[in-house]
Amino acid sequence: MANPLYQKHIISINDLSRDELNLVLATAAKLKANPQPELLKHKVIASCFFEASTRTRLSFETSMHRLGASVVGFSDSANTSLGKKGETLADTISVISTYVDAIVMRHPQEGAARLATEFSGNVPVLNAGDGSNQHPTQTLLDLFTIQETQGRLDNLHIAMVGDLKYGRTVHSLTQALAKFDGNRFYFIAPDALAMPQYILDMLDEKGIAWSLHSSIEEVMAEVDILYMTRVQKERLDPSEYANVKAQFVLRASDLHNAKTNMKVLHPLPRVDEIATDVDKTPHAWYFQQAGNGIFARQALLALVLNRDLVL
């Protein structure tokens, strides 16, 4: 039977049902346990990064290579026809889609990835981040990591800390975890960077418990996952950035009453929000989390590009 993600655009985490999320995670686990270096041997994938990226771009391109795909693309739109000659995004995508089997795209403008789907024909577009909107593949690796460390994706207590306004990772992750049962959220952020109201309204509509807090200490003993984020300098004016960047910092001493299996996650890069002394604790799991990006992205590529995937 054809898998439901074959040739599907993946723009928002809301494009995936709970069953489809579980399919991606199960596929990721299989690929982690049993690599498939020729699964995409005859596929060509475009890696189109209109915005700076290190982890996401390298993770995606490594995933492509490890599945045997050929990779074309760019990491700096300033050197493309779009950047130098004023070509529209629509024309850029229309042309690239004639060359490749799938397009992985990051863009600073919210909605750009969805717009790209209107011009890619039958070529699926995978959103690698569009402005402060969505980052669905980061969410998949987050879910994979949570499932690996906690053994489940339901009945969890999850705290999210820092920039919850502009941090697209926390928007996507909250929406994804809301598809599972019994989860409870704690949001810890300065007023200027609070979780958007539409996310809180979504949780209310689903009857999911959440609360706002002013310090990590208030919730440390309760949580299974502590999801830290950096204050995004590139999305704030200098005076606002200076006021909030040091407001929430996690140190090893803050973990004294944490649950034994509580894990600290972070989408990276970090700045000062996690002290380096946390790295040596058993709670630190952000580097393993980043490594899981390979398997989550391999799984998504494999499913989107294979009608009948059997592993």
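The backbone N, Cα and C atoms fix where each Cβ goes, and this holds for glycine too.
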Of the candidates R18, R106, R114, R307, which does Swiss-Prot annotate as part of the carbamoyl phosphate site that also includes R55, T56, H135, Q138, L268, P269?
R106
Hey, how far is R55 (carbamoyl phosphate binding site) from R168 (L-aspartate binding site), Cα to Cα, in Å?
15
What is the maximum Cα to Cα distance, in Å and rounded to a whole number, among the residues R55, T56, R106, H135, Q138, L268, P269 annotated as binding carbamoyl phosphate?
16
How big is the Cα-to-Cα gap, in Å, between R168 (L-aspartate binding site) and H135 (carbamoyl phosphate binding site)?
6
Which residues, same chain and not among R55, T56, R106, H135, Q138, L268, P269, have a CB within 8 angstroms of the centroid of the CB atoms at the recorded carbamoyl phosphate site?
S53, T54, S59, A128, G129, T169, P267
Rounded to an integer, what is the Cα-Cα distance in Å between T56 (carbamoyl phosphate binding site) and R230 (L-aspartate binding site)?
16
Among the binding-site residues R106, H135, Q138, L268, P269, report those whose Cα falls within 10 Å of that of R230 (L-aspartate binding site); none is a fine answer.
L268, P269
